[in-house]
Amino acid sequence: MQVLPPGSTGGPSRLFILRPVATTLLMAAILLAGIIGYRLLPVAALPEVDYPTIQVVTLYPGASPDVMTSAVTAPLERQFGQMSGLKQMSSQSSGGASVVTLQFQLTLPLDVAEQEVQAAINAATNLLPSDLPNPPIYSKVNPADPPIMTLAVTSNAMPMTQVEDMVETRVAQKISQVSGVGLVTLAGGQRPAVRVKLNAQAVAALGLTSETVRTAITGANVNSAKGSLDGPERAVTLSANDQMQSADEYRRLIIAYQNGAPVRLGDVATVEQGAENSWLGAWANQAPAIVMNVQRQPGANIIATADSIRQMLPQLTESLPKSVKVTVLSDRTTNIRTSVRDTQFELMLAIALVVMIIYLFLRNIPATIIPGVAVPLSLIGTFAVMVFLDFSINNLTLMALTIATGFVVDDAIVVIENISRYIEKGEKPLAAALKGAGEIGFTIISLTFSLIAVLIPLLFMGDIVGRLFREFAVTLAVAILISAVVSLTLTPMMCARMLSQQSLRKQNRFSRACERMFDRVIASYGRGLAKVLNHPWLTLSVAFATLLLSVMLWIVIPKGFFPVQDNGIIQGTLQAPQSSSYASMAQRQRQVAERILQDPAVQSLTTFVGVDGANSTLNSARLQINLKPLDARDDRVQQVISRLQTAVATIPGVALYLQPTQDLTIDTQVSRTQYQFSLQATTLDALSHWVPKLQNALQSLPQLSEVSSDWQDRGLAAWVNVDRDSASRLGISMADVDNALYNAFGQRLISTIYTQANQYRVVLEHNTASTPGLAALETIRLTSRDGGTVPLSAIARIEQRFAPLSINHLDQFPVTTFSFNVPEGYSLGDAVQAILDTEKTLALPADITTQFQGSTLAFQAALGSTVWLIVAAVVAMYIVLGVLYESFIHPITILSTLPTAGVGALLALIIAGSELDIIAIIGIILLIGIVKKNAIMMIDFALAAEREQGMSPRDAIFQACLLRFRPILMTTLAALLGALPLMLSTGVGAELRRPLGIAMVGGLLVSQVLTLFTTPVIYLLFDRLSLYVKSRFPRHKEEA
């Protein structure tokens, strides 16, 4: 039975100090649960914050943007607009393709959104054109989200059509079945087909038309039910040779008779095996390829999805011929893993630095071991709670744990320092542990709950930013809570068993030198503090000046949204004149690709030309540039982008827009640059009037660079103006005219070839090699009422006009999106303000609306809520401190330290050339929690000295400052060194971590110096104020 001195209660720690075995086993359980949790946690770049997004693609080869808008997009939009939970609907209608992107509220499950989309498509089916080759196809994917993996399939022995067929049937389908995969697209889509190229002159010479040929082909190739014979004993299934499978069979097809002689299709057309769409092409490192882009579902775990695909690839490639090569060109998870590893290393480095600081101050191995055990135990135990909350190991949660390193050690240091003080006075270790832990218990609780109060507003941040930082805040809060538990249980128990007067007094030369140094520092601080207390108004002036300076710095500092990351992948758009053809774009992309591949930082390149839903117009091309690993190149991604744009600038007739891919994607459409601003009107005419004016104004702003818009209304169009009276007299309808034009120039899919594995199309078109351009229209002939043929020119006049290449809608109304980057020397905040000022200058009419999109819109929302977020953090902390101290005054004293943290953080960011972005703001909020710890430790001891020893307020706060100087310095340095690895980070993802480290290190350095002097002065000021109030209102004193 242990004999305890009287009064050694130990508070909440008593039970754990007296039961070391139970305490040890409890901590072992926490450790084991954390280790198991770590192994179960998935790995990701960031928390899953994707909006539920679904893309609906409808292909209608040959249809103009106007036809796609009115006949396809508009009916779909009307049905989609009725869905509940829809946040935003955007669409793009271009030649032959309609893409509708539906973004839902964060709270709506993706499966529910999928059901609503399917129901809306079903409701719109009867409103869509009857000759659509395929119904609308939806995918659970955000088109702006870069692919998680890009594979190139090439062959030096097989045509791309055969390669595409094998990839589609043997590889793409299997990858699509992987859990987490939202969409697998085959860029360059050279699907096999039978192409029928009519010779217009030969057809006309025989008195035939393209419609005659089309009817003959569709009637000769069918695949329908034929029934069966059911006899008395046997049943017989009926089948026939109604399918034609090869180009040779179609070539021999009889389409008409002339003078009793058969006219075969091969007599009037070139029939060959080819590609379904001859205006699509993809290249990998300039070699023709089928480029397979794998996109994940919103919310899917990117690491698990990519791992499943890689495990499957060897088996899939074995089924392909040896001449077919599958190459993984990019895998976003490579950089994600590297970034997470770097952050894990920084976490371990932070732990090592914190333990080093502890040893430097305590200079005692047993005393160093105790917090050295508490830190990893608190961090590892957090993993168990993270599993329960469905969190992941990502950059933000690891950053939270790295910052927590400096937080969690504070509690252990405060406990050890207080217990050690009693042991050095001669008390037994057990009694000292009980007394010291009991005395410091309230302080630990105050520190813990006031720090968690700072994090509470983060949990209530709205929209995607709030969802993003929820894991950060909760992870940090859990680590702090576990730390408090460990500090009140394990730490005093270990102190009672491991510390003694002999071990604490045992010193070597190094220890004695450090002790002398600390004594001199404390003595100097005491002399300085005495002078400060004698001149309080000067100190108060400094505190007030600090507050004003923090406000001024907040106003002038450049503001951003989210750090631009170097993930080693660059997305690009190549833009050419609006009338550019597929052939000219293919040639231009070859020139650009040659320049890009010469850059030493580039590892591989994929390019794509054509219209397929991902790319909207023929005059644009998509690029994906994969850079070498960061440690294998000399330049960061922005420097590479500048160099590539300079290299391509000398190629005439092209504009290259590049942007680095990011882990956080908020946009719903692929953009040319990082930021977007939309202009919306009720009519296209209103847009056409204001778009040039606004674009010219934006291009003149120095705060913006690479300004462009998706407004393209100068595409060449041939307007067929039919004389309806003449056509009617000849018995020719508008449907006949449309069919004739579609047969000739629409790559019309007129029939389907069915096989056991796939379906292939028969494509009809005119061979325009000998009659390019508008001259090809002169070859069109139509069947008149009397059975003869009439040239199109007999009933129509051809006019050349300008027409839009694409028509974009936002929530069913016409819209144009301006894309821009922010040049060096300016911030996103500067650009946003410049755009708003320009909008006011132009005085846009009421029927014209503007709105920022994507990350720019999120920046506006975050910027508007930042001040309120900080205010909410301060108010929450005031409430918690007021409840703990049962005082209205003391919480104000503690919170008076906050401006010093803001000044230091903002100055550090400005000196480092960093913007005040979301990450840096989180750092400032955390500083609020750290800096007030110094004041809490001072005020707690001052109040205790006044109550228990009857000291005057001045003597009490003076003694408290001296007694708590060492633990304050120790805990501040621990927090500073915990953030230092983040500030000095240089690896993959360093852009994300560095602002947090800079803000915290700068804030801690400045606040450490100032709060040691301003806090006692403000404490005495409020004490005098309290006495004054009591003297003026004695009733308050009586009631008290």
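Backbone N, Cα and C atoms are what each Cβ position is placed from, and that goes for glycine too.
Taken from Swiss-Prot, the feature transmembrane segment covers 16-36 (among others), and the record attributes it to sequence analysis. Outside the transmembrane segment (16-36), and at least 6 residues removed from its termini, the chain residues within Cβ reach (under 8 Å) are 2, 10, 377, 379-384, 387, 430, 433-434, 437, 482, 486, 488-490, 492-493, 496-497.
For the transmembrane segment (347-367), the residues of the chain that approach it from at least six positions outside its boundaries are 375-376, 379, 398, 401-402, 405-406, 409, 413, 416, 420, 498-499, 503-504, 506-507, 510-511, 514-515, 518, 966, 969-970, 973-974, 977-981, judged by C-beta separation under 8 angstroms. The annotation transmembrane segment is assigned in Swiss-Prot to 347-367 (among others) on the grounds of sequence analysis.
For the transmembrane segment (369-389), the list of distant contacts is 27, 30-31, 33-38, 40-41, 347, 351, 354-355, 358, 397, 401, 404-405, 408-409, 411-413, 416, 471, 474-475, 478-479, 482-483, 486-487, 490-491, 494-495, 498: same-chain residues at least six beyond its ends, Cβ to Cβ under 8 Å. Feature annotation from Swiss-Prot assigns transmembrane segment to 369-389 (among others); the stated evidence is sequence analysis.
The list of residues near the transmembrane segment (396-416) in space but at least 6 beyond its ends in sequence, with Cβ under 8 angstroms from a Cβ of it, reads 46-47, 340, 343-344, 346-347, 350-351, 354, 358, 362, 367, 370-371, 374-375, 378-379, 382, 386, 436-437, 440, 443-444, 447-448, 451, 468-469, 471-473, 475-476, 479-480, 482-484, 486-488, 491-492, 495, 499, 926, 929-930, 933, 937, 967, 970-971, 974-979, 981-982, 992-993, 996, 1000. If you look up Swiss-Prot, you'll see 396-416 (among others) marked as transmembrane segment.
The transmembrane segment annotation in Swiss-Prot covers 440-460 (among others). Taking Cβ pairs closer than 8 Å, the transmembrane segment (440-460) reaches residues 11-13, 407, 410-411, 414-415, 418, 466, 469-470, 472-474, 476-477, 480-481, 483-484, 487-488, 869, 872-873, 876-877, 879-881, 884-885, 894, 922, 925-926, 928-930, 932-933, 936-937, 940 in its own chain, all 6 or more past its ends.
Among the features that Swiss-Prot reports, transmembrane segment is placed at 472-492 (among others).
Per Swiss-Prot, transmembrane segment is recorded for 537-557 (among others).
Annotation comment: Swiss-Prot describes 863-883 (among others) as transmembrane segment, evidence class sequence analysis. Sequence-distant contacts of the transmembrane segment (863-883) (same chain, six or more residues past either end, CB-CB distance under 8 Å): 446, 449-450, 453-454, 456-458, 460-462, 559, 829, 890-892, 894-895, 898, 921, 924-925, 928-929, 932, 936.
Sequence annotations record features per position, and here Swiss-Prot assigns transmembrane segment to 888-908 (among others) based on sequence analysis.
Look at Swiss-Prot and you will find 910-930 (among others) tagged as transmembrane segment, backed by sequence analysis.
What Swiss-Prot records for 968-988 (among others) is transmembrane segment, and it gives sequence analysis as the kind of evidence. Residues 335, 338-339, 342, 346-347, 349-350, 353-354, 356-358, 361, 399, 402-407, 409-410, 413-414, 417, 566-568, 630, 923, 930, 933-934, 937-938, 994, 996-998, 1000-1001, 1004-1005, 1008, 1012 of the same chain lie 6+ residues outside the transmembrane segment (968-988) yet bring a C-beta within less than 8 angstroms of a C-beta in it.
Annotation source Swiss-Prot lists transmembrane segment at 998-1018 (among others), citing sequence analysis.
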Using a Cβ cut-off under 8 Å, which residues of the same chain at least 6 positions beyond either end of the transmembrane segment (998-1018) come close to it?
403, 525, 528-529, 532-533, 536, 539-540, 542-543, 546, 893-894, 896-897, 900-909, 911-912, 914, 920, 923-924, 926-927, 930-931, 934-935, 938-939, 957-958, 960-961, 965, 968-969, 972, 975-976, 979-980, 982-983
Would you mind listing the long-range same-chain contacts of the transmembrane segment (537-557), meaning Cβ under 8 Å and 6+ residues beyond its ends?
896, 899-900, 902-903, 906-907, 909-910, 915-916, 1010, 1013-1014, 1017-1018, 1021
